[in-house]
Amino acid sequence: MSFQPTPEDKFTFGLWTVGWQGRDPFGDATRPALDPVETVQRLAELGAYGVTFHDDDLIPFGSSDTERESHIKRFRQALDATGMTVPMATTNLFTHPVFKDGGFTANDRDVRRYALRKTIRNIDLAAELGAKTYVAWGGREGAESGGAKDVRDALDRMKEAFDLLGEYVTAQGYDLRFAIEPKPNEPRGDILLPTVGHALAFIERLERPELYGVNPEVGHEQMAGLNFPHGIAQALWAGKLFHIDLNGQSGIKYDQDLRFGAGDLRAAFWLVDLLESAGYEGPRHFDFKPPRTEDFDGVWASAEGCMRNYLILKERAAAFRADPEVQEALRAARLDQLAQPTAADGLEALLADRTAFEDFDVEAAAARAAWPFERLDQLAMDHLLGARG
């Protein structure tokens with residue numbers, strides 16, 4: 001298998017990823033700004049499929065209408081020249097001080113209305129550029145103190161905002177769905193919808209739940225100490241994995257945004273195994289930050305590494321699944337039984353079945369052959385580490 005990416009792999013990057021200048025809470029920028037047109041050109045040369053953006057990544061905040069059209073025109077020309085696509089777009093409702101208390105859930109009603117209009121304007125551009133997914137990350141939706149926000153009212157306002165956006169895209173006839181991106185801990189101390197589970201539960205309360213899914217990010221779930229592949233499995237099970245952000249994270253700490261494959265390599269292996277075996281057809285979107293120690297050569301090397309690592313893990317996962325010894329271990333672990341309904345014969349038959357309880361020999365069941373999970377896991381490790389042919 002070749003580890004050289006092609007557009008068929010559907011690898012995408014945000015303008016804000018390779019374009020991150022290295023500025024953080026403790027230090028100024030270490031790289032100059034990167035022209036979005038150059039980003040499109042360089043990513044195309046590396047074999048990427050598409051590029052994504054916040055409105056303010058492409059069009060500097062406060063631009064006039066004339067300036068806005070000029071930025072869009074240059075960007076569109078770069079897309080046309082390279083064949084790159086825009087599968088997803090999103091709105092920046094977190095950088096400008098006006099959003100210091102949030103966008104959709106700010107206590108200030110005027111700010112909430114502005115946030116909706118800002119989002120709607122970029123939805124129009126996203127649809128114009130062919131995007132099929134619109135991501136919503138509520139980075140400022142939350143609080144640092146208990147009395148600052150009535151969470152029930154805030155969730156009402158969040159619901160109101162998404163219902164209005166759903167109404168808008170439906171009225172416009174846009175072929176566009178929303179993907180809510182959960183994240184805990186930062187930049188607000190307590191953010192609303194911090195995990196995949198929170199977002200999935202929230203979606204079921206919306207007026208058009210079919211329009212809404214999730215955009216989980218590797219590091220975000222791991223910041224909460226959760227198993228990312230398990231979260232993705234639940235999103236797939238719910239039919240709500242509309243988009244995914246791939247990066248690396250080393251445990252429960254700040255959002256590191258390492259290149260994909262760095263950090264928790266085992267979780268990355270199981271994630272790729274799941275996405276490929278489940279037939280996920282969406283973009284493999286990298287939301288990472290090249291370390292501030294890197295120059296632009298390092299930026300592009302980091303982007304290339306994201307794609308290469310995914311392809312290596314894809315090859316290793318496929319070899320793992322095709323290995324006869326692995327298949328035997330899977331049968332011994334009785335995963336085929338887990339896929340069988342527990343009571344396909346129905347409740348009445350279950351209650352009438354004495355072997356299910358009254359005559360069930362718990363000692364005999366406990367004494368059955370052990371579950372060879374360690375053997376199965378070591379086989380996975382062998383494949384991951386390249387110790388099997």
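Positions of Cβ are set from backbone N, Cα and C atoms, glycine also.
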Cross-ref Swiss-Prot: Mg(2+) 1 site E181, D245, D287; candidate in list E210, E217, E315 matching that site is E217
Within 10 Å of D287 (Mg(2+) 1 binding site) (Cα to Cα), which of the recorded positions H54, D57, H220, D255, D257 do you find? D257
May I ask which of the recorded positions H54, D57, E181, E217, D245 is closest to D255 (Mg(2+) 2 binding site) if we compare their C-alpha atoms? E217
When you rank H54, D57, E181, D245 by Cα distance to D257 (Mg(2+) 2 binding site), which of the recorded positions ends up on top as the closest? D245
My understanding is the cutoff is Cβ-Cβ under 8 Å with a sequence separation of 6 or more in the same chain; which residues meet that for D245 (Mg(2+) 1 binding site)? E181, N215, P216, E217, V218, H220, H285, F286, D287
Within 10 angstroms of the C-beta of D287 (Mg(2+) 1 binding site), the count of other C-beta atoms across all shown chains comes to 26
Other residues with Cβ within 8 Å of the Cβ centroid of E217, H220, D255, D257 at the Mg(2+) 2 site? K183, V218, G219, M223, D245, N247, Q249, Q256, D287
